[in-house]
């Protein structure tokens with residue numbers, strides 16, 4: 001049987017909030033079976049819990065943010081959620097003492113390292129998957145995103161940026177996720193931004209924590225980071241990383257193919273909501289025998305079992 005997973009023990013880190021520029025402490029704790037991912041704002045009294053479900057995503061400008069009915073928010077969840085999805089973690093309590101998850105280095109890699117450092121524990125319940133049985137598609141102008149039936153999890157993703165440095169890189173990628181592909185090929189891809197936008201954001205008290213320490217920064221012609229890129233195709237890979245995290249608010253890993261063109265946080269969330277609303281287009285499945293499971297899901301990507 002493919003079992004549900006959580007972290008073996010509590011793990012803690014500190015970082016900087018991308019938009020506030022303030023120090024943020026993040027704690028990840030084990031959670032019982034069928035908990036899902038629960039976020040907690042510990043800086044509020046009493047502490048406020050926000051479940052990581054699609055309908056709680058109410059802000060998608062520059063990041064994915066969970067917002068409850070009282071307006072309490074936790075922003076920039078997508079890189080942490082990509083790490084949770086990529087390592088197959090179903091259940092966890094995420095405590096944060098600020099309105100945003102720390103940006104770390106702008107990728108999912110620090111979160112992957114953090115989770116692997118304490119180990120991943122299998123739990124005494126079957127892991128549940130959302131198996132796509134019919135295509136679901138959302139569009140916004142020329143942008144679109146779609147989920148289609150597929151045995152496993154495959155991504156077919158294209159970006160289109162009119163920038164000489166990005167145009168030189170690969171802007172279209174198809175990845176059939178094997179047991180190690182996420183950690184090795186995707187998790188280290190950093191968020192990227194343009195100097196002209198950063199100047200505007202800072203003038204509006206946003207991206208105060210943004211720097212070349214946690215983003216790939218471009219001017220009109222080139223990458224400004226002294227060390228350059230981590231992957232030749234880091235731009236499209238980071239958009240895939242974002243999608244990994246955005247899709248995980250569906251509540252379970254997806255068995256299917258995710259195809260997208262120029263999509264972002266807003267359209268990714270629209271797709272998840274459209275999927276959940278179209279109940280004849282998917283089913284919840286588990287795998288009694290490991291041999292029956294799609295290869296992508298037989299072992300969590302790069303996980304270290306304690």
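Glycine is no exception: its Cβ is also placed from the backbone N, Cα and C atoms.
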Additional site residue, 19, 79 [criterion: listed by Swiss-Prot with 238, 242 for Zn(2+)]: 79
CB contacts for residue 238 (Zn(2+) binding site) [other CB atoms within 10 A, all chains]: 26
Cβ neighbour count (within 10 Å, all chains shown) around residue 242 (Zn(2+) binding site): 24
Separation of alpha carbons, residue 265 (active site, proton donor) and residue 238 (Zn(2+) binding site) (Å): 12
Chain-internal residues near residue 265 (active site, proton donor), provided their CB is under 8 angstroms and they sit 6+ positions away: 60, 61, 62, 63, 64, 78, 242, 246
